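Shown below is the structure under consideration.
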2 protein chains.
Amino acid sequence: MEESVKLSWNKSRGYFPAGRRRFKDMNKIRIGIVGYGNIGRGVEAAIKQNEDCELAGVFTRRDPASVKISTEGAKVYAYDELASKKDDIDVCIICGGSATDLPKQTPEIAKLFNVIDSFDTHARIPEHFANVDAAAKESGHVGIISVGWDPGLFSLNRLYGNAILPQGKDYTFWGRGVSQGHSDAIRRVEGVLDARQYTVPVESAVEAVRNGENPDLTTRQKHTRECFVVAEEGADLARIESEIKNMPNYFADYDTTVTFITQEELDKNHKGIPHGGFVIRSGETGDGTNKHIIEYRLKLDSNPEFTSSVLVAYARAAKRLADEGACGCKTVFDIAPAYLSPKSGEELRAHLL
Amino acid sequence: MEESVKLSWNKSRGYFPAGRRRFKDMNKIRIGIVGYGNIGRGVEAAIKQNEDCELAGVFTRRDPASVKISTEGAKVYAYDELASKKDDIDVCIICGGSATDLPKQTPEIAKLFNVIDSFDTHARIPEHFANVDAAAKESGHVGIISVGWDPGLFSLNRLYGNAILPQGKDYTFWGRGVSQGHSDAIRRVEGVLDARQYTVPVESAVEAVRNGENPDLTTRQKHTRECFVVAEEGADLARIESEIKNMPNYFADYDTTVTFITQEELDKNHKGIPHGGFVIRSGETGDGTNKHIIEYRLKLDSNPEFTSSVLVAYARAAKRLADEGACGCKTVFDIAPAYLSPKSGEELRAHLL
């Protein structure tokens, strides 16, 4: 008797039974990327670094034919096709923006999939958590929100620091790094063609904290802001500089420098998206004579690629938790570190403990 | 009808029904300290900093009458009385040494209590884990071993770093800090009355790692050893110095300096037990052009008091896990960070995330 089998073909596998995974891929974590901007591309790159993960597809609201991805054999689908891929994806990483995309998409997609996002509007986290929690509990999925480095790894270090040194003070410094929001704000000033804003921690403030001086620091004492601005020809540079420096919320509370450069200089010297910063817990023990400093520092060449690497590690955790029967919304606080690693408990204890 | 009630009295509460806890203390985590050396004293001090914890008693192999503790109302008991306090203690923190105390005591006490220890003989962790796991599973308790900063917080940072930047290199530097083991080794040299040894990271090596140079470093290139030695009057200082510098395992592989000082100088300038160090993960993402540095640094005035503070935070986690029905042996890798904090999930998400 002959069996009729539908065949698929791709460059790396040749012909193979449609819909069947290779044995060596059977246990891989199948990740769907929803949204293909800087973070989506970063997630795709991070998946390639993790042998136990594979890209199950990219989902976009743009025309799929217009989106070119870098993973051989993987496909781009329309956002609306996501629901039809229910059996082909273990975890969706939602790579949209925190302002409008994630509040809508993460709860929506949690109805069908385990989800991870990097929601970073600190003030709205409780509300977002509640929405994702309700959706994920109803559908029996795991959602992990606000994954990245702040919120994310920095939050973890604030928590560990507070729990271990209850008598102490927290300090978080950001930078040197590009703030997309502040760069956008400058671009909205009349006469500005392009701009890049760097947030810079004040080194003397960081040093005072490291030395256990526990200073009370104002906004101005913690960070400065460096702006590199491309102006229209003939624009009133003095007015632009003044408008930037006095912009409420964004710059008025900081010592700000404005440097006018050409578009060529901007493209050549400021195209990267570096970032980083410090979380420092300064505390004391015993009768207060013994001081302790816990410092966590990130120095990142690419903010989106690093954030994406954190997202993929937590996707592994989501898959494992779901396999254990967990459901509902979680944050980095709720995830035991071992879940992030592809290594077994035995390996971790033998080599990393 | 009159009821006969046995009364107890102490300085802070006056008379109260024997065995009854004050309402405000009903939910406190009752911690037993087993062993009252530097770590035991540190745990006692840390309990005072954590309002949700209280000292249930100190257990010693010395004559209890000879041990003076600093917590009003708390008692010192003989080690053998521990079993009789089964209903009065939520978690025992075992504060003995890793060489002979903990391998025996932690599994033994895990038969009756939830336990925490700071077992730090890295090579024997798998064996110790298995012993504690068997005892804790049989009795239905939680054991958390190898808690502190290395193993402990440093291990956590090695795990997080490896999971997030799978393409990268790990570096751990220790110091500047006192090594008790190396100080003891010097004291065994003939003609030496007392000694203090500091392990010092080589600053240029740390800088090279921070700069993303990913150097291959030998033992000698990573740390130097500074020895402060009090010699007997008339001792052959050149021989002592040579014996120290050439001591296999301890000093022969390092650049070592030996400084002879008086006992008064040693007591005055070297009585503290500072320590600390760095865990650095240096990795790359994307096509390898973007480098990232994750650095975790501890600067500790008192190694035992800081270690003890970590132990108490994990005692909180042990109590909660046990309340949820968990049992068996765990390490810092298995504990979700939220369990360490007295704050609720809502509070943590609102204020630390």
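Any Cβ shown, glycine's included, is placed from N, Cα and C.
Pasting the feature list from TrEMBL:
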- B:29-98: domain 'Gfo/Idh/MocA-like oxidoreductase N-terminal' (DOMAIN)
- B:36-39, B:60-62, B:95-98, B:118-120, B:147-151: NADP(+) binding site (BINDING)
- B:148-302: domain 'Meso-diaminopimelate D-dehydrogenase C-terminal' (DOMAIN)
- B:TRP174, B:THR199, B:ARG225, B:HIS275, B:ASN303: substrate binding site (BINDING)
When DSSP states are folded down to helix, strand and coil, where does B:ILE39 (NADP(+) binding site) land?
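B:ILE39 (NADP(+) binding site) sits in a helix per DSSP.
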Please list the DSSP helix, strand and coil residue counts for the domain 'Gfo/Idh/MocA-like oxidoreductase N-terminal' (B:29-98).
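Helix (H, G, I), strand (E, B), coil: 22 helix, 21 strand, 27 coil.
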By the count of other Cβ atoms within 10 Å, pick out the sparsest of the binding-site residues B:PHE119, B:TRP174.
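Minimum Cβ neighbour count within 10 Å, taken over the binding-site residues B:PHE119, B:TRP174, occurs at B:TRP174.
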Near chain A, which of the binding-site residues B:PHE119, B:PRO151, B:ARG225 can you find when the cut-off is a Cβ distance under 8 Å?
B:PRO151
Between B:TRP174 (substrate binding site) and B:PRO151 (NADP(+) binding site), find the distance joining the two CA atoms and give it rounded to the nearest Å.
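Cα to Cα, B:TRP174 (substrate binding site) and B:PRO151 (NADP(+) binding site) are separated by 12 Å.
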Around B:GLY148 (NADP(+) binding site), which residues of its chain at least 6 apart sit with Cβ under 8 Å of its Cβ?
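Looking at Cβ-Cβ distances below 8 Å from B:GLY148 (NADP(+) binding site), excluding near sequence neighbours, one finds B:SER118, B:ASP120, B:THR307, B:VAL310, B:LEU311.
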What three-state secondary structure does DSSP assign to B:PRO151 (NADP(+) binding site)?
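Reduced to three states, the DSSP call for B:PRO151 (NADP(+) binding site) is coil.
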Give the number of CB atoms, excluding that of B:ILE39 (NADP(+) binding site) itself, located within 10 Å of its CB.
24
Pick the one among the binding-site residues B:ARG62, B:ARG225, B:HIS275 whose Cβ has the fewest other Cβ atoms within 10 Å in this structure.
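Each of the binding-site residues B:ARG62, B:ARG225, B:HIS275 was scored by Cβ atoms within 10 Å; lowest is B:ARG62.
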Give me the Cα-Cα distance between B:PRO151 (NADP(+) binding site) and B:ASN303 (substrate binding site), rounded to a whole Å.
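Taking the Cα atoms only, B:PRO151 (NADP(+) binding site) lies 13 Å from B:ASN303 (substrate binding site).
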What is the nearest of the binding-site residues B:THR199, B:ARG225, B:HIS275, B:ASN303 to B:GLY97 (NADP(+) binding site), using the Cα of each?
B:ASN303
Below 8 Å Cβ to Cβ and six or more residues apart, same chain only. Which residues does that give for B:ASN303 (substrate binding site)?
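Same-chain residues close to B:ASN303 (substrate binding site) (Cβ under 8 Å, separated by 6 or more) are B:GLY177, B:VAL178, B:ILE273, B:PRO274, B:HIS275.
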Over all pairs in B:TRP174, B:THR199, B:ARG225, B:HIS275, B:ASN303, the listed substrate binding residues, work out the largest Cα-Cα distance in Å.
18
